Amino acid sequence: MEESFPRGGTRKTHKLEKAFQQSVEQDNLFDISTEEESTKRKKSQKGPAKTKKLKIEKRESSKSVRDKFEVLSVESLREGIRILGCVKEVHELELVISLPNGLQGFVQATEICDAYTEQLNEQVAQEEPLKDLVCLSELFSPGMLVRCVVSSVGITERGKKSVKLSLNPKNVNEVLSAEALKPGMLLTGTVSSLEDHGYLVDIGVSGARAFLPLQKAQEYIRQKNKGAKLKVGQYLNCIIEEVKGNGGVVGLSIVPSEVSAAIATEEQNWTLNNLLPGLVVKAQVQKVTPVGLTLNFLTFFTGLVDFMHLDPKKAGTYFSNQAVRACVLCVHPRTRAVRLSLRPVFLQPGRSLTRLSCQHLGAVLDDVPVQSFFSKAGATFRLKDGALAYARLSHLSDSKNVFNAEAYKPGNIHKCRIIDYSQMDEMALLSLRPSIIEAQYFRYHDIKPGALVKGTVLTIEPYGMLVKVGEQIRGLIPPMHLADILIKNPEKKYHIGDEVKCRVLLCDPEAKKLMMTLKKTLIESKLPAITCYADAKPGLQTHGFILRVKDYGCIVKFYNDVQGLVPKHELSAEYVPDPERVFYTGQVVKVVVLNCEPSKERMLLSFKLLGDPKKEHTGHSQKKRRAISVGQLVDVKVLEKTKDGLEVSVLPHNIPAFLPTPHLSDHVANGPLLYHWLQAGDTLHRVLCLNQSEGRVLLCRKPALVSTVEGGQDPKNFAEIHPGMLLIGFVKSIKDYGVFVQFPSGLSGLAPKAIMSDKFVTSTSDHFVEGQTVVAKVTNVDEEKQRMLLSLRLSDCGLGDLATTSLLLLSQCLEERQGVRSLMSNRDSVLIQTLAEMTPGMVLDLEVQEVLEDGSVVFSEGPVSGLVLRASKYHRAGQEVEPGQKKKVVILNVDMLKLEVHVSLCHDLVNRKPKKLKKGSEHQAIVQHLEESFAVASLVETGHLAAFSLTSHLNDTFRFDSEKLQVGQGVSLTLKTTEPGMTGFLLAVEGPAAKRTVRQTRKDSETVDEDEEADPALVVGAVKKHTLSIGDMVTGTVKSVKPTHVVVTLEDGIIGCIHASHILDDVPVGTSPTAKLKVGRTVTARVIGGRDMKTFKFLPISHPRFIRTIPELSVRPSELEKDGCTALDTHSSSHLEKIKQYQTGQTLICFLKKYNVVKKWLEVEIAPDIRGRIPLLLTSLSFKVLKHPDKKFRIGQALKATVVGPDSSRAFLCLSLIGPHKLEKGEVAMGRVVKVTPKEGLTVSFPFGKIGKVSVFHVSDSYSETPLEDFVPQKIVRCYVLSATGHLLTLSLRSSRTNPETKSKITDPEINSIQDIQEGQLLRGYVKSVQPHGVLFGLGPSVVGLVQYPHVSQYSPSKKTLYNRYLPEGKLLTAKVLSLKCQKNLVELSFLPNDTGKPDVFPASLGLPLLKQEERTVEAEENKHKGEEKEEKNQKRKGKRNQEGQEGVQLPGEEKKEPQKLQAKKQGKRRRRESAGEQERVNKKQKKAAPSEEDDSGVEVYYREGEEEVEEMSVLPKEKPSRPAEVPRLQLSSGFIWDVGLDSLTPALPPRGESSDSEEDDKPQQSTQKKSKKERMLEKQKAEKELSRIEEALMDPGRQPESADDFDRLLLSSPNSSILWLQYMAFHLQATEIEKARAVAERALKTISFREEQEKLNVWVALLNLENMYGSQESLTKVFERAVQYNEPLKVFLHLADIYNKSEKFQEAGELYNRMLKRFRQEKAVWIKYGAFLLRRGQAGASHRVMQRALECLPNKEHVDVIAKFAQLEFQLGDAERAKAIFENTLSTYPKRTDVWSVYIDMTIKHGSQKEVRDIFERVIHLSLAPKRMKFFFKRYLDYEKQHGTEKDVQAVKAKALEYVEAKSSVLED
């Protein structure tokens, strides 16, 4: 709305005048400017002018009034309008807001407030829900009044205008300033955070912080928030309680009573600029018109109330000057027009609107009269109930062309439809558009699932087709529903604009979601539609579509998300093995409802349609009448057998039911047995009804469950179940994570893998089978979710005495088998009756028919044809038997499934001893036969057969291989019966497993592979005889596919076998050939041999009569092509000969059979009769594969392997997948650690028994303090063979050897001999031992160096034990190579800090005395020779030792596994030598004179020449700092070092006593003789010379001070010399008198003149150094704080940072730099120093950030310098490429900065290539700079080329210079 409204002034205007205020159209240029003047002034000027207007305008008055009161329309909304709205709908990410005059807008979730937006962003970044982020529906509820601001008016894709709003206080209250805030103001805000005593509220006013105290929020929280705390983003109406600090801090209140009474007053200084919607004001009616009122409010302002916002109860009663209360509805930011409302609902702020909709939404109304018409907005109508309704202009007709304003005169009647309700106006919204009135569906609510609708195709997308159903309604047809079958190109069938007829699948009005189908069958179906579970009555037939096909059945979906399951057995009358092949997703199907539970939303369906539905109903009701209840015991009659069990009918009413095979018995093995022998017509008694849920009755015949139900111990519902209960049930299903157990009442629970068994569970299916009876203990019950957790552990589920349970299980099992015998005896077959009569223990006379390959004996069938009697090799008992021979045998057991009788020829069993047996007596017995659940054993004493159960509990089904019994094993049995009953066995219980004995007689040759298991498919089919011979072609169908072979059924039911190697001629590696043959496929094959039935040995052609064996077939194309005769080589070869045919190194294809976890090898098959093993370590060089071989290798997969050699047993080939396993020098192989020898290394084993050693020096490329920490026995390591001589391999684990391609960094190079070392080199190694003459230090496996004591430490410890303590064997240290004597094999090393740059081996904290200069000098020479001698001997000894056995260096005291003699000899020698050395030293010591004796600590001191050449270092800050590797010391230009002793202060004359001492040492024999007269004379002369020399020295001005007195004397003459003071400090430090050194420093600071700033600073720095090295952190801090007070702080800070850096205290340095950056942020030196520090520490990223910060803090003029400096640092310490980028960037901005060019050139010369340097020079000489500068660059270029280039290059530069000069001069001439 662009009109301007008059406002301000208290003077009443004449009615006429108002009429003249006709709005000027947009072209009034002055409109805005006049509006912006102050309101009062404008009013007074305009008032009088208007009265003069002509009277003619009276006619237009009515029109203008109507225009002025025009209601709001979308067109009139502008960005920035502040408007009151009401929340209409709350969606997940937006709010729909109802605005005045029937408009509506949208608020996105990001427009609530900043705090809420931040949380949303955080959630998006985290990609997971935040716990404290609340959804919009918790923050807003429909009916809430909110203040909004229009943020944009856009156009949607459908061409409609859409209004976007913002609730963000920042936008709404933008018009307020902090200064304008006054107490009593009513504002809106949102909670931005929760604090301890209240809430911070965002009121959007910049500069103001608003706080809501808890006590002011309590009442609101209680009344309006249901007691919950306020949440971030919650929208509040707040009253300002107090304002502090000129609006800086605002206190708020949200007490509901205060808020609802809040009124905007003049004291609050509201202006038209900051007036907010939602404020309640006191007003006066100025003028009343038919279409609204004008009000005067807040003294100066005028506003409008349109007809929609009058109080409905008072409409028509308003008069001028009436006092009213009004609420501001909206404020126009530009025209300052204000709209108000008088409706009572708005006059209490903070209250929500209560009426949110009208009941007749969507209703069509006839004859509705027009109330009034507005040309720009629409019309109002009066409804029957007297309420006003409103129709927008766009809804008065279908198009603008048809629109006729005349038709809408008041009183005219129209037909219309209610389309919406405007909460803000409390009015219904109407539409008169015929298309909307006639529309079948107007809202989503009108559409019901299952209804037929027509629509128009809008678009076709990949996700489906969009169809327009009504004005506001669009639906989606998913791709699956575009037709009865899936169509690939829907755009060919459907086109945009086509009309289609669909059926509604789902309609969700709240989410505005509509899904439909175009499947013809569903659309045309006349059957009733199911739209809720309650509709699904059993027996109802309907159409649905398949949603998913699973192996357990099909899920069929109907309308409104209703779905049901068609179980597998209901899919078809015939059995459907694989539903996925028969049915497809999306298929339309006709189903019948079997059963429905609406409460659980479960439905069972069937595809088997039961004929006529009427009959079905009657049948169903009959069935219902006679239904059996769950838990009832019934008798059943077997009708027929199906794959999974028996179809039975429950007597007496013949109700059909199903009895699954596993439910026939508690014993897993007896179920199939009973199933096999039961036949149609048999009756079973006492069968339990388990459940009826799946549309039929499910039965169970397990005795354990039957007795539980009978005894009433079965809980019927969850309420009866408590933790700790023991329940009997059966395994319902087995998952990877556990086992589901169901109980008779239908309840079920989960036994998780962890508590399934007391044994470790690898695979759940190894422990239990589906249908197995189990005892479960309830551990946990969740009644809400109706879930429980169970334990199946034997320890939890004990059922009393094990022996009793064991006997009960055995007798039950044998009883059931006896029942099977009675079933068998009812059969007609003679064979079966004979078998039924045969009981164990019977002795028979039989004739031997043949002896098989595996040593077993088959007996002739006698009179009964087809009877199979056999004795295994063990039961032949070593007897020689010939075909035709008569033998006495005893029956052990009858196999009633395979129809075989197991017999034994054992004498002890055939000739039983008659002996009276006692019940309960214990006997030794031998296991003779094993069944699944029991074993048969013979008593040793008598030969009687006894049976005992293998399990003592229902859950006890799993045995590790080691626990399994074997035939021939001895057991201890306790007899429970003394007479064999019907079963033929004595019943017994096994004693403890500890009493078992191992069978002795079994030979290795008996079976090739103990792990081999027979394929049951082969065993079953092998009973039949056949007449096939080798070379025959046969056809058959694939019966089953195993990983390494395929079982085929040939004609006549014969079973054949195709090995994986006989399927393809070329097998691609990694594939599984057997997968090519699918079950049921017909194959043509050639017979190539036979497989023996029992041992599965491949019988080659040497056994042409393989009647009793399984034919071995081949389908290889090459073998099928050959003709029969030549097809196979008829040469017989034994298994061993075949294995020998394979050569080592040969590659072949093999097939993985299994991975043996215990033995850690892969078992493979190369051919049917040739097997191989691949040790795990030979499968891969990758740790990942070795860790999880099962992930890399699939069973049945073809692998390409290399033959490494035959196995020791010769029964297998040994193979490798990583090429030939040679273990020669240079090979890389995987090994296993077998032993870790501390401080020495590892022992590693390889396959085939090879062993290698890894020295501690070859464990890694970087030594560590604990190199062997990560290695434990059995760890797999990747090794490199260094040498393979001798029986032990020498190995390396360094990654530079094992993975050379990774080019990993080698911190510590390999040192294998003295040739690998250079003088001066710094090397790391491990201390070997501390010897009398020095420390032996290992540098490599066979290289040891000697560190003489003077080079071990700068201190001289008094106790020898300190060396052993601080230099333990195996300590990692760095040493410097001082000298090499290759001929003598001698390496001399030093640990001294100034050699290695590392801290001293003894910590300073010990306070040891420094090694005195004199001691070193004196003893240096004499000991040098002695030490060398010893070392030489040592090295020779070592050399010899190394040659004798390559076991690395042997040190004294280390043990070595050598022959005893050799060891003794060596030790003898060594002892002799050492004792001689000791003796020599003792002699020398005795001869030393008294003075030196007190200093001597028994440690010989060596001294190295050249100690004087100490690096010069300076304390002056301007000079370059010393190398970072140096240990920090006080630095002096005169070159003394704290911890060495002042060489520059070496006394001119050594004290007399000591010199004579050393002379004596040199000539020990002199001291004993008496001196002659001549000698005495010489001595006298010598003494005189000495004296004169001392005098001269004292007179010498350059003489260095030697004592404290000397220093004091010198300081008197030059008290300001810091050098002298520092030398004085050093003098004390040498004597480790730290306190005295401190005192000297303090004296210096007092003495040096205050003008000598630099001198004083030097002393302060020395004192800081001293405290850093010898003091504590506190003392250092104190000195530092004082230094900062007395000197320039920055200098002191920088010095301390350097000190920290050099002493490697990086953390302290970092903290100090951060302090400096705060204090000296304007100093570029600090930034640069910090950048350099970070780069040195390798923190490039941090350094880059520092540069950015520096540029922000420093003035612009410094930027270029700083950038250049950082670039220099990058060049020197960081990334050269980045440095170049920085320079290039800077120079592109400042091309004329020659200083930067110059630095860039310097840096590139130093760090870059010649090409790069020349490129830069070329660019520089083409710049347009001053000639003087150009000359400088040309000169530099020339110098560079002279130094680095050729003559030609030099000439080229000169030519360019000439060219430049000529160009310049020509320009000048011009």
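The backbone N, Cα and C atoms fix where each Cβ goes, glycine too.
The region 'Disordered' annotation in TrEMBL covers 1-58, 1413-1527, 1543-1585. Among the features that TrEMBL reports, compositional bias 'Basic residues' is placed at 40-56, 1463-1473. What TrEMBL records for 80-168, 184-255, 278-343, 362-433, 450-519, 539-608, 631-702, 724-793, 1031-1104, 1145-1218, 1226-1294, 1320-1392 is domain 'S1 motif'. Residues annotated as compositional bias 'Basic and acidic residues' in TrEMBL: 1413-1434, 1474-1483, 1575-1585.
Counting residues per DSSP class in helix, strand and coil order gives 10 helix, 32 strand, 32 coil for the domain 'S1 motif' (1031-1104). Across the domain 'S1 motif' (184-255), DSSP classifies residues as 11 helix, 34 strand, 27 coil. The domain 'S1 motif' (724-793) shares more Cβ pairs under 8 Å with 631-702 than with any other stretch in the list 80-168, 450-519, 631-702, 1031-1104, 1320-1392. Between the domain 'S1 motif' (80-168) and the domain 'S1 motif' (1320-1392), the number of CB pairs under 8 angstroms, six or more residues apart, is fewer than three, so the stretches are not in contact.
The domain 'S1 motif' (362-433) shares the most Cβ pairs under 8 Å with 278-343, out of the stretches 278-343, 450-519, 1031-1104, 1226-1294, 1320-1392.
When Cβ-Cβ distances under 8 Å to the domain 'S1 motif' (450-519) are tallied for each of 539-608, 1226-1294, 1320-1392, the top count falls to 539-608. Contact between the domain 'S1 motif' (1226-1294) and the domain 'S1 motif' (539-608) does not hold: fewer than three of their C-beta pairs are under 8 Å, each pair 6 or more apart in sequence. DSSP labels the residues of the domain 'S1 motif' (278-343) in these numbers: 3 helix, 35 strand, 28 coil. Broken down by DSSP into helix, strand and coil, the domain 'S1 motif' (80-168) contains 23 helix, 36 strand, 30 coil.
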